[in-house]
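Structure first, then comments.
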């Protein structure tokens, strides 16, 4: 070919060139003889303005891609489809998890809307672990590592097939974080739409709504009859959806709204309500529009790293603190920030925690309210509105649904808009009918909860407390920090000095608590349960629930290098970093040692002098940083692979990239 020269191929957004460049007869610019073809027999084309190519052209254009196109055609694609963006729909349907059991048809619901809007939709599935079912046995070792598997699986599918954008259909604990990590890693247009929260349970035996934690606590109460336990069990989780309190799943789905990657209502609209269908349909339309803006208009402001930037992460953490979200959200935001290459760490979270008040209290922090009540009070955009008016939010940031967050708040904050459609949307409520079917009811409250003085959501002036719902503590027992959900801690024990009661595993702690080995004034320390030490950083919901059931909820504390369920309350401090298996000082504590927890001063310290600490460290170095007692725990090859690269919780428990780079230069 005259004037041609050979070029090598590139992937992931750059042109892939497998043949010669050829001079264009119209403008004498260079176009590729292969990339230029929509189909092999079409002429070359030129562009006067450089635009990002559809990633999918790598596998849909050029004579050499005839085989790939043949396979695409076998999936149902036609000639005209090769000119459209290919939208990957990452679903997470599974019959194992109530938060995902209703998602089977959601991918195709979105797909039909994508295709109406001018895209090509291709659905695939990720795994999803139910933390509640996996809890209390070795299954919990797999929960946090599954986050990395989910992130990798999304990357693998999207990059292997060169998809142009993603719709993430997530819901429960590790699925939303895993998909978020993948989205920021890939940095192509994305939108999140979750399965939604379940309705709170109802029973005549309780005056408040029920959730999973109520069933666990009553089961551990030796004074409760078998009949009462059975009634709670049957009533606590009545519908499909993520567990009904401000646990990890709902916290993360709310944070995707604050990050700007999801539509208003994503975190609060019930899974059972017919209104939620509109979120799926709108997600399908929106992702095609985001593709148009990026690929056709060269507007990279719609890319996830430009939406979920440093300020957006501050917004998400500010929301988390204001609503008393799960401590797991800290772990997941730190991990997501690393994928986005954002310098966002515990220091930033500590700073925010000192100035953000608590504006919303939801189970497990209070029995009165569940997610259905948050929605009735205006959902996440009403909390964001209160934070914005308090000068605590960055509102000049783009979102997937509005030019700026300020515009989104003006439209969706029920106290700021007169739009009847918005008010009607937030009146969507529970029907109280057990079901596993999405969109199965259309019940509405008669009125909204817009009481910002005494309602579910409060204004800054009438906050539940001027201290936020999460705090980071530092001290000689956790040099790199540890976290506590202060929203669930009674103010009478914000300063607590107690005697260390050591357990080398969650299993032994459960046995000890149930055997009444833990007394009032003790600080239960569960160690070697971090990302490496577990491995997998188990949640400690059973120990905290059993302390409650023993009447020790306000008389004991718990410290661990593991983590807690979003359902945890009480003086429960997790993520102690460095973890014991990595040489953390939590591994140096001995039975009977005095430990001082001081939430107001953000400190936690083992009350021994530096010389004693150094002597213990020297002794432990000789013994090795491992549990004293053997643990009957099968650590598989998969878990060993996770442990090999896992960082401590202050880094998000992600893979140690520096170590990985050394192993694979």
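Cβ from N, Cα, C; glycine included.
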Further Mg(2+) ligand in TrEMBL, beside 131, 173, 174, within candidate set 539, 579, 612, 615: 539
Cβ-centroid neighbourhood (8 Å) of the Mg(2+) site, 131, 173, 174, 539 excluded: 129, 134, 143, 144, 172, 248, 249, 328, 565
Nearest-integer angstrom distance between the alpha carbons (Cα) of residue 565 (active site, proton acceptor) and residue 539 (Mg(2+) binding site): 5
Cβ neighbour count within 10 Å of residue 173 (Mg(2+) binding site): 34
